[in-house]
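Feature annotations, reproduced from TrEMBL:
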ACT_SITE  Glu154  active site
BINDING   Cys111, His153, His157  Fe cation binding site
Amino acid sequence: MAREKQLQALAEDFMCVTGVVPEIVYAGDPVLRTKTQEVDVEEGLEIGQRLGRVLKKYRKLTGMGRGLAAPQIGESKRVFVTLNENQEVDIFINPEIIRYSDSTNFFREVCISAGIISADVERSEAIRIKWIDGSGQEQEDNFSGDLARLIQHEYDHLEGILNLDRAVPGTISLATFDPLKEKLRDQPIPPTSF
Ligand SMILES: [Zn+2]
């Protein structure tokens, strides 16, 4: 019964999001499966600011959501945003991941465009990426841990790839755990633990 109530609450939250944040598109929409196009800086900044507004609205509503990519609002362009620890929006325009570490980890990822479904995904522990930032400046930097994972997830959206596509076999499940308490792991979660 407790699980039934939990699932009902998840479904109700999801229906609420689809009503209050109508900009978001969901798995099944072809734009999420399409490799995106580069933008000029002006267009990239406009899309980045729009993404930031949608992400903040989503986060205010659900308490979750740390990143959003342009295809998730129906724009097939190479732009994504993340929320930093101060809840400010960081914009990544025409990003390119130029190095992936050989060392990897696992994490049960949820995605705003996959609703209440989660998938355990293996990704590189660290990356090096170059991009144009929210002030139009070229940047290049290394990221590791949680941020490296978030950036790889958002970058995948620009390639037309969802977390569900990268799921460790047998790990696509309803997200009945607390995503905010999820930690990076050395091993995938056994499917029976979902
Ligand atoms: Zn996503």
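Note that Cβ sites are derived from N, Cα and C of the backbone, with glycine treated the same way.
Within 10 Å of the C-beta of His153 (Fe cation binding site) we count 24 further C-beta atoms, all protein chains included.
Residue pair Cys111 (Fe cation binding site) / Glu154 (active site) shows a Cα separation of 10 Å. A C-beta separation below 8 Å, combined with a sequence spacing of at least six in one chain, links His157 (Fe cation binding site) to Leu32, Thr36, Ala69, Ala70, Pro71, Gln72, Phe80, Ser113. Within 8 Å of the centroid defined by the CB atoms of Cys111, His153, His157, the record's Fe cation site, lie the Cβ atoms of Gly67, Ala69, Gln72, Glu109, Ile112, Ser113, Glu154, Asp156, Leu162, Asn163, excluding the listed residues themselves.
Summarising the environment of Glu154 (active site), the number of other Cβ atoms within 10 Å of its Cβ, over all protein chains shown, is 23. Within 10 Å of the C-beta atom of Cys111 (Fe cation binding site) sit 26 other C-beta atoms, taking all shown protein chains into account.
Cys111 (Fe cation binding site) carries neither a helix nor a strand DSSP state and counts as coil.
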